[in-house]
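Let me begin by presenting the structure, written as structure tokens, before commenting on it.
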Amino acid sequence: MLVNKIRLTIKALAFKQLMDFLRNKRTMLIFFIFPAIYIIANLISSDIFSSDGAAFILMYVILVPLLVMATLVAEEKEKGTLKLLVMSGVSSIEYFIGVTYVLLGFIIAGILIFDMAGATKNFDDFIICIFMLVVSIISMQIGAIIGRMAKNQTNVAPIAVPTVLVLFFLPNIELIKPNIDFFSKYFFTGILFKVMNTCSYSANDIIWMAVNFLIVLLVFIKSFNTKSIIRSISA
């Protein structure tokens, strides 16, 4: 009975979110702007862009889920929808799964467009695709935390944009200073960038990706404490 209730709650949240996304043209544009830019750049200068789409995909799986989730949470918090959901008995995990279910579908569609455009030909491997999806989910969790922290939608961008840039450029530190390999070994964006560039992965990569996921998940659960959400929105 409880499982059916949770399943119905997640389905209802997912359907609501799907309708919201389809009505919001700006959000739909964000989902597909990076694959479109890659295709156009590839047509203009195929020698430069056709060989490696790792940087494009890395930015895509960081920026899009993070920014969309942060904006969504901030909007629902500002409108009072988030408080209503929480007071109706919807848990933070149910809310996140419901939104992620839809958001991840659009992310996968974007990755498939990258794949058809040849961006993944150097690392066309199913396990690497799993790495991409895990990084997307971690980015969503970070976006949800940012949306929870922001007072309103206007305050999302000043927090989200620097966060995206830090997450994107940290893996590139090793290219400048090869002796600094901490981020490529232990940080989720660095692990993905290394895996895409080398087309190989180890047990350590999987373990540390899981550690990153669990750490961010714990922060997410702490941030979406029911009492603190109601108190912050009521204030």
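Including glycine, each Cβ sits where the backbone N, Cα and C put it.
It should be emphasised that the depicted structure is a prediction, and the values quoted were computed from it without experimental measurement.
Among the features that TrEMBL reports, domain 'ABC-2 type transporter transmembrane' is placed at 55-220.
The transmembrane segment feature in TrEMBL is assigned to 28-49 (among others).
Below 8 angstroms of C-beta separation, residues 17, 20, 27, 30-31, 34-35, 37-38, 82, 99, 103-104, 107, 110-111, 114, 119-120, 132, 135-137, 139-144, 146-148, 150, 152-153, 155-156, 159-160, 163-164, 167-168, 171, 189, 192-193, 196 of the same chain, each at least six residues beyond the ends of the transmembrane segment (55-74), sit close to that stretch. Taken from TrEMBL, the feature transmembrane segment applies to 55-74 (among others).
Positions annotated as transmembrane segment by TrEMBL: 95-114 (among others). Tertiary proximity for the transmembrane segment (95-114) is limited to same-chain residues at least six positions away from its ends with a CB under 8 Å from its CB atoms, namely 9-14, 16-18, 21, 31-32, 34-35, 38-39, 53, 56-57, 60-61, 64-65, 68-69, 72, 82, 85, 120, 129, 132-133, 136-137, 140-141, 144, 220, 224.
Among the features that TrEMBL reports, transmembrane segment is placed at 126-147 (among others). Listed as Cβ neighbours of the transmembrane segment (126-147) (distance under 8 Å, sequence separation of 6 or more from its ends, same chain) are residues 57, 61-74, 77, 96, 99-100, 103-104, 107-108, 111, 120, 156, 159-160, 163, 167, 188-189, 191-192, 195-196, 199, 201, 205, 209, 212-213, 216-217, 219-220, 223-224.
Under the heading transmembrane segment, TrEMBL lists 154-173 (among others). Long-range contacts of the transmembrane segment (154-173) within the same chain: residues 58-59, 62-63, 66-67, 70-71, 74, 139, 142-143, 146-147, 180, 183-184, 187, 189-190, 192-194, each at least 6 residues beyond the stretch ends and with a Cβ under 8 Å from a Cβ of the stretch.
Outside the transmembrane segment (206-224) by six or more residues, the chain places 92-93, 95-96, 131, 134-135, 137-138, 141-142, 144-145, 148-149, 185-188, 191-192 with a CB less than 8 A from a CB of the stretch. What TrEMBL records for 206-224 (among others) is transmembrane segment.
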